[in-house]
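Engineer: Annotations per Swiss-Prot:
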- D468: active site, proton acceptor (ACT_SITE)
- 341-620: domain 'Protein kinase' (DOMAIN)
- N56: N-linked glycosylation site (CARBOHYD)
- N125: N-linked glycosylation site (CARBOHYD)
- N167: N-linked glycosylation site (CARBOHYD)
- N201: N-linked glycosylation site (CARBOHYD)
- N223: N-linked glycosylation site (CARBOHYD)
- 24-256: region 'Legume-lectin like' (REGION)
- 1-21: signal peptide (SIGNAL)
- 286-306: transmembrane segment (TRANSMEM)
Amino acid sequence: MIRGLLLGIIWMIFCVCSSFQQETPFVYNNFGHVDHLHLDGSARIIPSGGILQLTNATNSQIGHVFYEKPIEFKSSESVSFSTYFVCALLPAGDPSGHGMTFFVSHSTDFKGAEATRYFGIFNRNGSTSTRVLAVELDTSLASDVKDISDNHVGIDVNSAESITSANASYFSDKEGKKIDIKLLSGDPIQVWVDYEGTTLNVSLAPLRNKKPSRPLLSSTSINLTDILQGRRMFVGFSGSTGSSMSYQYILGWSFSKSMASLPNIDISKLPKVPHSSTKKKSTSPVLSVLLGLIAFIVLGILVVAYLYRRNLYSEVREEWEKEYGPIRYSYKSLYKATKGFNRSEFLGRGGFGEVYKGTLPRSRELREVAVKRVSHDGEHGMKQFVAEIVSMRSLKHRSLVPLLGYCRRKHELLLVSEYMPNGSLDHYLFNHDRLSLPWWRRLAILRDIASALSYLHTEADQVVIHRDIKAANVMLDAEFNGRLGDFGMSRLYDRGADPSTTAAVGTVGYMAPELTTMGASTGTDVYAFGVFLLEVTCGRRPVEPGLPEAKRFLIKWVSECWKRSSLIDARDPRLTEFSSQEVEKVLKLGLLCANLAPDSRPAMEQVVQYLNGNLALPEFWPNSPGIGVLSPMALSPAPLVIPSLSFSSSSSNNSMFITHSVLYGSGR
């Protein structure tokens, strides 16, 4: 009797535990009576039709639908799954839609995910706390995630940037060719996703067509256990909107752990797509009057909104700006050039502002530009700043990034410069995912920047002190020629005048020791250029706190290598083909320019001759006075002493554009 009672208790425990396990396979022919689904955000079920809606015609929405029970695989089971669903995407305006995804994730928490092209499961940083595999039906074109078109299907792993994608289509076995499908048509589309081993296949077809014999997408390198870091997963759908909107519907859904046991959807039981009928209905007279009244009210609102908007975005033009007319751009032209400062044109964030790519008309062709939006808290100093910007526009040298003009609007200044397609030099020095620049190219860039600095110091109408020379401020044009940019910290003064400024500005590691006492001069630019020479040759930043003390400071480390008669070992280890004599000469020149004593540094005219081989380096040694000695600016907690320092701990400062930092006195 006791034995029977124990067996009964064990059986009851087994039944209770089993009730908490996933129920697979499952099928929903519609969503009229739904169990085991969890909806959040804008997702809802339309009771009248039994249809699942992810988003509607409201901007910046996110909708999720999960099968509420996790799918679990025993250690003896292979991780595989098959799913089949019918969806419909309906435009809600022009432009319309961002599409939707079917996803597999290790959690139902998508905290930090963003709307628009990130589908409510990813974000613009390319990181998410939730590990996820997704199949996207994408109806927008976003260049920052490398979309191939505004009508494609992609496979995403932990990022909105697809590992493989293709334009939406299906293989017709009858016609023996691919036939295009328009995702954002409002017509029902069948989607099959099959995963087994490391292969993921995705197939599409119009409603009532058989599953194609050839998949649209096939990836053979997906390890779902590694992606999810476990054998437990949630499955579901996500959709999102931005300023572009669409209706995203799921009509039916089936899921199984294997293709063989995947249930079919009964197409006859599927709900109809809302708003899909094109049949025109007659309009009653009363309704016509009502619509006319609504139109009149809407028109009045639009007129008021237009007048308000025109006043809100009116430009600031003062009498003293008339002399700068030819280089002043209208706000309207820059707004159109950047597509309304759209995130799709966003290039990055530089000193004190965001930068956007723009396209401006120029005679019979288009000109690509970079437009930086800089905030300015007041009118104090604006006149002087604009005057200096205009003066710098007159600088003409092949190795300078041209400043084209400006626009002023309320408390905002917009600076327009030439667009540099290959970005900033620091990306190629410190981002090891990019191809390393060969030595001959690096040397050519060093000569370009030396020539530009020599021009600023000795050949321009006024002496120009750059004050922020570093790899992040060196841009690369289409031919990878070096161009010196970011004149936001620069100052001009007449020859023979006192060049001292009211505040020490620059980037820690590049700042000469005399900056705090004597102010900026051409000599402080030479010091920074010396550090830049070492930076480019060694492929390292001037100060790297994460390294051992012996290697932490670049100047000191290069000097120590020279003392050990192994100066060539200081070079970037990624350099393969190079002249040892050239590399050692550039390293010695870098130490000479970064001499602690200002009077011992060469002028930029001499530096150009040294680099071009027209002049031999003077004799000096690693133990010579001032050689390899660190500036106190690199050793002390400078930000507490000097109010206007900028730190460059990553290469995100400048990317594919010139970043004009704005500084007036000790303010921003």
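The backbone N, Cα and C atoms fix where each Cβ goes, and this holds for glycine too.
Computed from a predicted structure; not experimentally measured.
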Engineer: The region 'Legume-lectin like' (24-256): mean pLDDT?
Structural biologist: 90
Engineer: Could you state the whole-number distance in Å separating the C-alpha atoms of the residue listed as 'active site, proton acceptor' and N223 (N-linked glycosylation site)?
Structural biologist: 47
Engineer: Between N167 (N-linked glycosylation site) and N56 (N-linked glycosylation site), how many Å separate their Cα atoms?
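Structural biologist: Given the Cα positions, N167 (N-linked glycosylation site) is 25 Å from N56 (N-linked glycosylation site).
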Engineer: Round to the nearest Å and give the CA-to-CA distance linking N56 (N-linked glycosylation site) with N201 (N-linked glycosylation site).
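Structural biologist: That comes out at 29 Å between the alpha carbons.
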Engineer: Relative to the Cβ of N223 (N-linked glycosylation site), which residues of the same chain, six or more apart in sequence, are found under 8 Å away?
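Structural biologist: Once residues fewer than 6 apart are set aside, N223 (N-linked glycosylation site) is near T198.
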Engineer: Provide the number of Cβ atoms within 10 Å of the Cβ of the residue listed as 'active site, proton acceptor', excluding the reference atom itself.
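Structural biologist: There are 25 of them.
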Engineer: Which residues does N201 (N-linked glycosylation site) neighbour through Cβ under 8 Å, counting only same-chain ones at least six apart?
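Structural biologist: W192, V193, D194, Y195, P215, L217, S218 - these are the non-local Cβ neighbours of N201 (N-linked glycosylation site), listed in sequence order.
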Engineer: Would you count the other C-beta atoms found within 10 angstroms of the C-beta of N56 (N-linked glycosylation site) for me?
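Structural biologist: Taking all protein chains shown, N56 (N-linked glycosylation site) has 17 Cβ neighbours within 10 Å.
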Engineer: How many other Cβ atoms sit within 10 Å of the Cβ of N167 (N-linked glycosylation site)?
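Structural biologist: The answer is 15.
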